[in-house]
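Chemist: I have a structure I would like to understand better, so I am pasting it below and will then ask my questions one at a time.
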Amino acid sequence: MNRFKTSKFKNTTPRIAKKDEWISDVSAGSFSSQGNHIKASSKLVAFNTDQAGGGLVGLTSVTPGSNGQRTVAQISCHADLVTDMDFSPFDAGLLATCSADEMVKLWHLCDPEQEQPSSPEVILRPGQGRLELLHFHPTSSGLLAVGAARSPLIWDTSRQDAPLAALEQHGDQLHSLSWKQDGSLLASSSKDKMLRVFDPRAQLTPVQSAKSLQNNKDSRILWAKDDLLVTTGFDMMRGREVRLWDSRKLSSSVNSVSLSSSSGIVIPLFDEDTGLLLLSGMGDSGIDCFEVSSSEPFLSQVSHCLTDNSTRGVAMVPKTALDVMSCEVMRVLQLTNSCIVPISYQVPRKHSGQEFHEDLYPDTVGTTPAMSAEEWWQGGNQQVEKVSLHPDKRPKPAAKQTPGKKESDQPRGCSTSSSPLTTPSSSSSAAPSRSPSSTSGLSSGFVPSPSQSSKNIQSLLGTASKFRHIQGVVMHRDTHITNIRNLNLTTPGECDGFCVNSQRVAVPLAISGGQIAVFERSEPGRLPDTALPTIQNSVNVADMCWDPFDPHTLAVAGEDAKIRVWRVPKGGLKETITDPELIVQGHTEKIYSIKYHPLASGLLVSSSYDLTVRLWNLETGEQVRLLTGHQDQVFGMAWSPDGKLLATVCKDGKVRIYDPRKSTAPVQEGAGPEGHRGARVVWVCEGKYLLVSGFDSRSERGVYLFSAEALSSGPIASTFVNVSPSTLIPFYDPDTRVVILTGKGDTRVYVYELVPEDPYFIECSSFNSSEPHKGLVFLPKTECNVRDVEIAVGLMLTKTSIEPVAFRVPRVKKEFFQDDVYTDTAVWWEPALAASAWLSGSNGQHRKISLKPKDMTPVSEAPKEAPVRKYLPSSVYLEEKTDEQKKDELLSAMVAKLGNMDDPLPQESFEGVDEDEWDD
């Protein structure tokens, strides 16, 4: 900044938010660590709390909800104090934490209103004692700088076994780390008074170093613009100061400014776009703002902001979350003992709030990584693409691509829409061809047939679904089961959370002994406050499911690798049950999930941590098959509709199909979702396809469609939903080909119709619950009320209740049976054959029944209604009239306006003056 040139940021003004906009319900306290104690992404805010020994991290949102308030949640991250944390610059929900327990953990977080993950995505164990510092790389995905006691480590999170580099040990405790904005260099400050600059890819020793600090008390280092470094610390007289350094010559500082005296370290925050530097002292109630320039005067003070509370930590909100129309150039979050105070820095301008002032907002760094950690380590120097902050130029989400395929390899007609929900569509064919052959028919007088015309319209507007306006409705409170207490909210990801059949609901409780409550659906209402009779499973529940052919039999998989089969008496539980009807054991480690066979009675399949899938004959209590081939955790299993094949999806990134009666090895295998956070699988479209829900490489939830005959070819279509830690659990209705998806802790339920041809996924209306649910499980098709055109009815589990949710298709003639919606449905609650018959090679199929009530007529047979004419025929309006008729009509209209000519005038009714009165 030229000393004679006025800066456009010199009048930048701090504005402290009103108290009703502060984030309350915060318990911060004091922390003995090197971190800033609070960090923000464009959506979330994470901060230290003084609870559980500092092992808990508080979580809230950057922007308030519709009610103007913010929810504050807590996550149990570590067994000891969380010393530092950082959000990924490329994923607003990815938080890295480090701790005195010597571990680094990566968490995929969701909105504070939703249930947070109970376990981290990645755990790193450097094995070098207490960890103090953590910083994501600014240009590469999955790359971390981790500060151990005396050594910085460079870690690729996709390689959890060892760091890429362990840089030279410092002479004393490491105080601070900072990446240069282009990602090439790493700077550090230490208690040994040394400043160091590392090029980790070139050498493990510093490329620049000097004993430059004057005091061994706490210090901070931060890259500013170009090659300048900012440090904060203490001078020889223990006075606080800020210094500016040229990273190429660390022997002496370029400039320095003395700050107010105090014992708390000063935390620096720098905004590269504006060149503004914020300084906030721990324990202080003031924040200083300076402008940094590459020439004299180097550091120019812009403002000093006095706050009401002492600072426990401070964080800067990313540029993409600012209110640019109000000329907000920075926003800071001040962590205090009991609240978080937003402070907005704005540049006073005319027409603020009406115009975008482009000179204040140069293009800023985007949120798409320039390269992977491996590419950076091999010498890559690509930079993150910059984006505009202009509201009309904000970048749209990139089009999704089927994992493992280049754009040219995508299925024909794959959509390039920027919608967050990307489905393959015929958008490429939407533009009409301009070739001569495409217009010659019309020019020669050819008229397309109605079917051809409808196809053309369909190609332009996209495929329409008869279920596109489906409505999710929570049924009347009289049908709810309420006042459920001690609900277990930490069931494994492979478990649906609870299970239901046509008569009753089984819910795991957070009570010792793995207790399970069983509620009769015929007895809704408020549960008593007294203790309820339960099933005592002895160990925690891993998964459970009802026998599809016996509503009284419940199979429960426990964490002790045993499967217990329980018998619920007719009429429900009247007393606690402690003795199972059958116990089967064979797995050597904890069981993931269990599934009954859809056709044969008494057959159950289970998957376990011992990486095996076992088939059990519950009629004899014996293991009859052991399926192998999995290299990691089995996320989900599904039987084919004909009961011949079993599909699995695994953490090793593979989808497999087994024929258990012919081979213990998979008969087909293909690449599944790239993410390793969880997945589910279900057979769709008469068993011709597999639908897999999972995560992509960036942890975005997606749904993938595979051909059951060609798994090795990969997914033929995919659609992506959003970023959330919970796995999407699919429910598929074979009668309508509708799939309903939601995750535990979600508030939104997604609905798609599946078609076995392009575009494959047809999005329908979604359903939103008023609060995050803990599970959504569906009832048999016979529970649907066809008079209300219900195609699915599920039970939604909340923190304290079970609420029925009906999915209805809006129809006009609801007095008729909608036979185009209700095809004959399978009687899947009756076994088609015995377990022994299936094992010996026999096959069967369910019989089908109609859902049509006897007193309803199919809509296809409804009488045709004669069209009602809304307007008079055109002949009435076009009839010719003679001149005489027109004259008469005109005269009649005039008379009607003037009134009757024979009526007396008003003045005729007035009384006059007597004759003798005139004589006066």
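Note that the numbers count up from 1, one per residue, in the order the chain is shown.
Glycine residues also receive a Cβ, built from the backbone N, Cα and C atoms like all the rest.
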Chemist: Quick test of your reading of TrEMBL: among 346-368, 898-920, where does it put region 'Disordered'?
Modeler: 898-920
Chemist: Below 8 angstroms Cβ to Cβ, which residues of this chain, lying six or more residues outside the repeat 'WD' (167-199), approach it?
Modeler: 34, 132-133, 135, 137-140, 145, 147-154, 205-216, 218-223, 229, 231, 233, 245, 247, 250, 272, 365, 376, 381, 383
Chemist: Which residues of the same chain, at least 6 past either end of the repeat 'WD' (584-626), have a Cβ under 8 Å from a Cβ in it?
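Modeler: For the repeat 'WD' (584-626), the list is 492, 494-495, 542-549, 555, 557-563, 565, 632-639, 641-643, 646, 648, 658, 660-661, 664, 828, 831-839, 843-846.
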Chemist: For the repeat 'WD' (75-109), report the average pLDDT of the model, please.
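Modeler: For the repeat 'WD' (75-109), the model's average pLDDT rounds to 90.
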